[in-house]
Amino acid sequence: MKVLGLETSCDETGIAIYDTENGLLAHKIYSQIAQHAEYGGVVPELASRDHVRKTLPLIDEVLQEAGMKKSELDAIAYTSGPGLVGALMAGATIGRSLAYALGIPALGVHHMEGHLLAPMLEESQPEMPFIALLVSGGHTQLVRVDGIGEYRLLGQSLDDAAGEAFDKAAKMIGLPYPGGPQIAALAKQGNPKSGLKFPRPMTDRPGLDFSFSGLKTAFLTAVHDALDNDRCDEQFKADAALAFETAVVDTLVIKCRRALEAEGLKQLIIAGGVSANQRLREQLESQLKKIKASVFYARPEFCTDNGAMIAYAGAQRLVNGQSSELSLSIRARWPLSELPPLKES
């Protein structure tokens, strides 16, 4: 089955074709980051307009790369939530209209299920059950995965997501959007012996929930103190970026290890935009070796929003009997736990 995947939940237009027999055939990603950077974040109206403008041309490019015609597609999968309503509507409308014209099924896919399954596109794959850390600008969750659609939430952020905390911290020291890659780049110039240290929120108590608002406040306090004392130079910013990144990474690693031990599992996947962070990957690999556990992740280009993960997730549900929806349905908010389980046939 050859499935066209459309991802338009936020500020990336991702298009891909996944073949259940031959794997990923082609993919393209168009990022709107440059347009939104001047506003310091995503502007929903601009995002939806750009998805409308770019989706059809990208579909043509992906078909050409795969050496296919539209008539050779067997199904279309599109992101139907969670995300920005206008952006979701753009992709869903195009996807369903094209499917109707071709006489093939169209299936709405959960954005975070796409992220969760993205590491399955790689040669090295975990076997279910495993623990998933979903970490992005909008989500920070630990989930036990027993099968496709068999998800149990173990913990989540009670306030800011990790990616959102990176964005806000970056803005405090004058770095552009998106903040995660900017903080990571600047942190490489930081001095680990600067004396700056930020809290690892909620790691001193039981449980698997996260909170990053206090860490963000501690960072802001340090920045204001540096400004008041005329110390907020480039080296201070680099030191602060390193201390902040280290605090976020340590918090995520501690909770991941705790989740694996609590559930008696030895496999972890990390997915979502923050999973591309090199320090996070290195620390997870180092710490999980101590408990003889393994970590899996997607290649960097599939950590951020992309069509490949949507095509793959849609294909898994379609080949295992899930039928296309009769009407257009998108959801700005959509808990993973509400997805139906799907046993492999």
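Glycine is no exception: its Cβ is also placed from the backbone N, Cα and C atoms.
Now, the feature entries from Swiss-Prot:
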- H111, H115, D305: Fe cation binding site (BINDING)
- L134, V135, S136, G137, G138, D167, G180, N277: substrate binding site (BINDING)
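Location within the structure of each feature annotated in Swiss-Prot.
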| residue | record | Cβ contacts under 8 Å, 6 or more apart |
| --- | --- | --- |
| H111 | Fe cation binding site | E7, S9, T79, G81, P82, G83, D305, I310, W334 |
| L134 | substrate binding site | M112, H115, L116, T140, Q141, L142, V143, A271, G272 |
| V135 | substrate binding site | Q141, A161, A162, G163, L252, I270, A271, G272, G273, V274, S275, L280 |
| S136 | substrate binding site | H115, A161, A162, G163, G272, G273, V274 |
| G137 | substrate binding site | C10, A161, G163, E164, D167, P178, G180, G273, V274 |
| G138 | substrate binding site | C10, P82, A161, G163, E164 |
| N277 | substrate binding site | G180, A184, E245, V249 |
For G180 (substrate binding site): DSSP state (helix, strand, coil): helix
Chain-mates of H111, H115, D305 with C-beta within 8 Å of site centroid, Fe cation: E7, S9, T79, M112, G114, S136, G272, N306, M309, I310
G137 (substrate binding site) in three-state DSSP notation: coil
Fewest Cβ neighbours within 10 Å, where candidates are the binding-site residues D167, D305: D167
Max CA-CA distance, Å, over listed substrate-binding residues L134, V135, S136, G137, G138, D167, G180, N277: 17
Cβ-Cβ neighbours of H115 (Fe cation binding site) (radius 10 Å): 29
DSSP-derived structure type at D305 (Fe cation binding site), helix or strand or else coil: coil
N277 (substrate binding site) - helix vs strand vs coil (DSSP): coil
